[in-house]
Amino acid sequence: MFSVFNTFNTSALQILIILSLLLASAAQISFSSSQSNSNSGVNVWPKPRNFSWPQPQQANLLSPNFSITFPDHHKYLSSSVKRYLQLILSEHHLPLVNPSSFIHINTSAPPLLTLSVTVADLSAPLHHGVDESYTLTIPIAGGAADLAAQTAWGAMRGLETFSQLVWGDPSLVAVGVYVWDSPLFGHRGVMLDTSRNSYGVRDMLRTIEAMSANKLNVFHWHITDSHSFPLMVPSEPELASKGSYGSNMHYSPADVTKIVEFGLEHGVRVLPEIDSPGHTGSWAAAYPDIVTCANMFWWPDGVDWADRLAAEPGTGHLNPLNPKTYQVLKNIIRDVAILFPEPFYHAGADEIIPGCWKADPTIQSFLSEGGTLSQLLELFVNSTFPYIVSLNRTVVYWEDVLLDDNIKVQSTVLPQEHTILQTWNNGHNNTKRIVSSGYRVIVSSSEFYYLDCGHGDFLGNNSIYDQQTGSGTKNGGSWCGPFKTWQTMYNYDITYGLTEEEVKLVLGGEVALWSEQADPTVLDARIWPRASAVAESLWSGNRDEKGMKRYAEATDRLNEWRSRIVARGVGAEPIQPLWCVRNPGMCNTFNPVA
């Protein structure tokens, strides 16, 4: 075992001053004694599965010499403990609603000196399905608290919970607390698109750190698309040197290692996505011969929507009939598998547009001889899927590969044991279609989980904006509008309408930030605290012990949590005026609002 501790001491006089300040603080502000813990200002987000803090709720001083003991022969747990100790001792969070008015602060009790962390299995890797459960006991008598977890990753979740039970200056800690906690879903993620607009490494590290605080565990990195190819692939360097926005907007192998290691230190898996065969126009700068319809206008004048060349500006699909396509792609897959230890590999396969493939002469010849576009996709999948699997990877595809109306493969091409589908269309219906076919699913329904929706559209010269009556504006031009509020996201039940057996195939969910209209200047506000709402829904659910939706009760807690992560450096947007927080319940309604 190893102990991490701070090095300063506190004199008896300082302790007396501290106690005086505490008593004065408790006397200054008065709140109704009927307030529940949900708006006490001392909460844990996401709400634990089982949280006991008997009445009257009590808090003791946290010792200035507080330390954490833990098994020190786990690289990532050691890093996590050191980080949390520093946070716990220095954060001094001040809740929006002062807890000292209705929590008994026992200044005569011994301060809490130690948190003892024990882990049953230090060898468990951070893979899907790893045990993230933990128990936390903070005795009322002070002294030592205990955090027990099956794995290091569960211990990290418990450290976050403990950190949220400490507040104030001087630091107080909730005591008489018992927590048993474990996530409902093993896959809880955020997807970020770094192709359409560029993000710095620090932006992604900040996002991963905020994810960890919210007990989200998968950073789905949509690295490449038609717009740019920012990843420096060692065996194919020209893809980034020619296909990125510039040399200052690359991700080097060293950058990837930094992001992956940072993720492991925070209990967050980094899942890479190299989308293909669609969304590959940026590849044409280095390999124009393997990309069809590259650099063409996406929707020519007078052409029907069905005959467009891309789903949005930025054309280009890989050509399945060109053998060189697979030489380049297999080099990329091999290098990505080396750079990212994550056992899942996201291969994309969404939004294959018929017009793009049909624009190529070799494909025109193939079709004229009786071939079909679905056969082209099947050829592509059969030429790449086995190679990905041979690298000990499970392949994740967007749902289109199996569910698209026009271009799709037969289920026999995608063995269920090696395939996961990520759904983004038609809400519960497509989730049901996937799991009823026996496939595992990650839910990212655009109607509920898309963070970019509701901000209009990025097309110029679009007559939809020339509206004088306020009707027919199609949510301001946003195809997936309106804006998805935190309540919409929180209340979405990703297993709705599924049988008990089908529920077992739902791995979890991801919110998604596509970056047509997002970059580092709006990153935090687009993600947080809406992703926090999803984090709780996926961790402990969105219903109380009586089975009722708890979004009203969650509002006060989310206000407090948003305030805390803002203080930690996350630019999360507000969800209510501060007046609502200071007047609990006054911003609710008992009446339906149309």
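Start at 1 and count along the chain as shown; that gives each residue its number.
Backbone N, Cα and C define each Cβ position, glycine as well.
In TrEMBL this protein carries:
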SIGNAL    1-27  signal peptide
DOMAIN    44-165  domain 'Beta-hexosaminidase eukaryotic type N-terminal'
DOMAIN    185-541  domain 'Glycoside hydrolase family 20 catalytic'
ACT_SITE  Glu351  active site, proton donor
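Regional average pLDDT for the domain 'Beta-hexosaminidase eukaryotic type N-terminal' (44-165) in the model is 96.
Mapped onto DSSP helix, strand and coil, the domain 'Beta-hexosaminidase eukaryotic type N-terminal' (44-165) counts 32 helix, 42 strand, 48 coil. Listed in sequence order, the residues of the same chain lying 6 or more apart from Glu351 (active site, proton donor) and placing their CB within less than 8 Å of its CB are Gly278, His279, Ala311, Trp398, Asp400.
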